[in-house]
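Residues or ranges marked as transmembrane segment by TrEMBL: 12-29, 49-68, 89-109, 142-160, 188-207, 227-248, 260-280, 315-332, 344-363, 402-431, 443-462, 468-488.
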Amino acid sequence: MNKLNQKDNSVFYISLSISIVIVLWGIIAKENFSNFATFIFDFLTTNFGWTYLLSMLAFVVFALLLAFSKYGSIKLGPDDSKPEYSTTSWFGMLFGAGMGIGLVFWGVAEPISHFVNPVGAEPGTMEAANFAMRTSFMHWGFHPWANYSIIGLALAYFQFRKNKPGLISSIFIPLIGEKRVNGPIGKFIDILAVFATVSGVATSLGLGTLQINSGLNYLFNIPETKIVQIGIIFIITILYIWTAISGIGKGIKILGDINLILAFSLLVLTIVLGPTLKIINALTNGLGQYINGFVSASLHIEAFGDNSWLKGWTVFYWAWWIAWAPFVGTFIARISKGRTIREFIMGVIFAPAVVSIVWFAAFGSMGINLIDKIGIEGLQLAVNSPSTALFQVFNQYPLSKILSLITVVLLGTFFITSANSATFVLGMFSSQGNLNPPAKKQFIWGVVQSLFATSLLLAGGLQALQTASVAAAFPFIFVMLLAMVSLMKAFKEE
């Protein structure tokens, strides 16, 4: 028992020390930190972009094959176990943890960006609109959720069916044995998971802060400054630490249900108040193009041309999702006991992906539809400020203030949900996989996450946030690929 406690303390203190050093670096030497992050971003996306593309497609293929295989009926827990949470609450929690802030931030900004700056088409044309929709669908569709399902499934299987600790390292017992998992190799894997989680979540918290500030500026004329943004982080930090410490069954579950209600309300209002027929047509056409070109788009990279667009969009997104995989996967595993592998994969991949696709069809169409009213120049202004794009578009439609107010509240609840879920998971990682981690460790990680997001904002805003995700995600690609191998080895021993 003492050895286990020592392992717990080692992972906690080493991870915490690394995080604090990076936070101090970002605050004290902002320019140096920003330059280093940019160098890492350029190096990885230029030389290893293909690695992100191949890996993400592999995650999709593996998950779908597994769902429809003979292993699909295996329970994540004893054979007589039942799900702990209703399907609605389960979906609300995984959706809020998985990408809530990102959907709101990029729902308008990404489609109109592709519309006015398309690849292989003239800006503002029908071809550009088609490119915008199918590309947004790909970035937010099946790939990210298949990525989450790999770690989530592996953890849930070993945790609930094999009674192993809720740690990323536990997944590798079939490959390297329990002794090595409890030694330096296992510690390294868990430290890597903690670092990827802190970096990935800090990116989203930074994005959420920028957009909340923009919304408050639009609604109440509150200035968009670093001081205000730090104040937003401080207030929401108090809220998400409190909800995390209150536990999954209380704070996190309730917030997940609230997120669903607010997001559904905003989506319905957008469809009703926006260009309804165009939204439906964009969804239908975009979905067809997305499915038809799924494999080619997943593997598209220029061998002899310029990959600047790919690095700034697809590779960034794949890195962002991979950085989120240890946190979201662990959280999904924690709330998925009692479900079958088939139910888990189909629920985790398809339900959120469909909602994301409908979301981008609705919000993207609202933005693109304004081409006749404000012109390509007006849309370009929105693209130049992604955090304000949604509010600029809402301003052209009825009930804009109400839509914007719902958006700001939703950003806050999504912010809290993502952060408190991550705080809970980080507590698990540094407490031997304890399903109910100590409040003290959750509090510490809650503060560290906020400081990390603050240091990234101070160091360079959106670009610093993006580069942090790419850097943190790269080594975790190989952890996930090996996790698939380990999982299959365990299944064959069932």
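A Cβ is built for glycine as well, from the same backbone N, Cα and C atoms used for every other residue.
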If one takes Cβ-Cβ under 8 Å and requires six or more residues beyond its ends, the residues near the transmembrane segment (402-431) are 8, 11-12, 15-16, 93, 96-97, 100-101, 104, 166-168, 190, 193-194, 197-198, 201, 204-205, 208-209, 211-212, 215-216, 218-219, 236-237, 239-241, 243-244, 248, 251-252, 255-256, 258-259, 262-263, 265-266, 269-270, 273, 326-328, 330-331, 334, 390-391, 394, 437-438, 441-442, 445-446, 449-450
Discussion item. Tell me if the transmembrane segment (188-207) touches the transmembrane segment (315-332). I count contact as 3 or more CB pairs below 8 A, with pairs 6 or more residues apart.
Written reply: yes
Lying 6 or more residues past either end of the transmembrane segment (227-248) yet within Cβ distance under 8 Å of it, the residues of that chain are 93, 205, 209-210, 212-213, 216, 255, 334-335, 412, 415-417, 419-421, 423-424, 427, 436, 439, 442-443, 446-447, 449-450, 453-454, 457
If you count CB pairs under 8 A between the transmembrane segment (344-363) and each of 49-68, 142-160, 188-207, 260-280, 443-462, the winner is 142-160
Are there 3 or more C-beta pairs under 8 Å linking the transmembrane segment (468-488) with the transmembrane segment (49-68), counting only pairs at least 6 apart in sequence? yes
Lying 6 or more residues past either end of the transmembrane segment (12-29) yet within Cβ distance under 8 Å of it, the residues of that chain are 187, 190-191, 194-195, 198, 429-431, 441, 444, 448, 451-452, 454-456, 458-459, 464
### Message
Are the transmembrane segment (142-160) and the transmembrane segment (468-488) close enough to be called in contact, which here means at least 3 C-beta pairs under 8 A that are separated by 6 or more residues?
### Response
yes
Sequence-distant residues near the transmembrane segment (443-462) by C-beta distance (under 8 Å, 6 or more away from its ends) are 16, 19-20, 22-27, 30, 33-34, 37, 198-199, 201-203, 205-207, 209-210, 226, 229-230, 233-234, 237, 240-241, 244-245, 386-387, 419-420, 422-423, 426-427, 430, 468
Residues outside the transmembrane segment (260-280) whose C-beta sits under 8 Å from one of its C-beta atoms, at least 6 past its ends, are 88, 91-92, 95-96, 100, 103, 358-359, 361-363, 365-366, 369, 397-399, 402-403, 406-407, 409-410, 413
